[in-house]
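Visitor: Structure incoming, see below.
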Ligand code: SAM
């Protein structure tokens, strides 16, 4: 479908973009096809798209060999438009009206699963953390964020952007910033650049308890990122003992720690919690 017919569908369904829903639409089929291609070969894959909106990216996903696309959209105004698209692709597009924050992608489609989306920016980080929890059950994710968030996800230690999101994401996935797009690629244009990050989950599943321990560890460490770790981790109990057991100097700061060092700390924290319970 061309840019013109997509604009026509938006006009017919009164889908004027709403800021409250983070709506910045991709109307250029070439850009949508490029994003779908970044996901790699989708043969045999079940794709979940979050926030299809008027369906530009959805159309590009339907043009791939993916088995099926399941799209979750909160905005009721888009549902009728998407139903037309589903009717044009019998059996290949399922549209679910609902809040992606309350849905479970692993319950929604069978494996192998991919999540591909131009995310609503206001809820992009909580959505990502939810998928990271279940990353072992997801084969891959190709997600558009505000560029600044994409840079925080892919940041290396000892850089200003390195923080909780980088550690959680890189702990669970290989993360690559794949494409940057200027505001003009979207309608209406957002204030900032956007970027696509590719996520390849690691096979091993840390389990919910260790994931929670890692969340607590990174929240404490980066909550006071200017402080030395022996001070920043005090809220977790015996900070000095925790750091000594993990072989990490208490005078270091959170941003100098590698993801592997955070992994050691989180495991140590979990072991101590288990020991005290
Ligand atoms: N995929 C479309 C595109 O690229 O043109 C739209 C992307 S737009 C950045 C984000 C979309 O997410 C909007 O259609 C918006 O209505 C939808 N959305 C916002 N919050 C949502 C939520 N909590 N659950 C599901 N969809 C949501």
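Heads up, the Cβ atoms here are built off N, Cα and C, so glycines get one too.
What TrEMBL records for this protein is below:
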- 24, 26, 51, 73, 99, 118: S-adenosyl-L-methionine binding site (BINDING)
- 31-203: domain 'Ribosomal RNA adenine methylase transferase N-terminal' (DOMAIN)
Visitor: On the Cα atoms of 24, 26, 51, 73, 99, 118, which are listed as binding S-adenosyl-L-methionine, what is the maximum pairwise distance in Å?
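Guide: Result: 20 Å between the two most distant Cα atoms.
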Visitor: Quick one: what's DSSP say for residue 51 (S-adenosyl-L-methionine binding site), helix, strand or coil?
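Guide: The residue in question, residue 51 (S-adenosyl-L-methionine binding site), is coil (DSSP, three-state).
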Visitor: Need the DSSP three-state call for residue 99 (S-adenosyl-L-methionine binding site) to compare against my parser.
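Guide: SS state of residue 99 (S-adenosyl-L-methionine binding site) = coil.
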Visitor: Which ones in the same chain are close to residue 73 (S-adenosyl-L-methionine binding site), with CB under 8 Å and 6+ residues apart in sequence?
Guide: 51, 52, 53, 79, 82, 95, 96, 97, 98
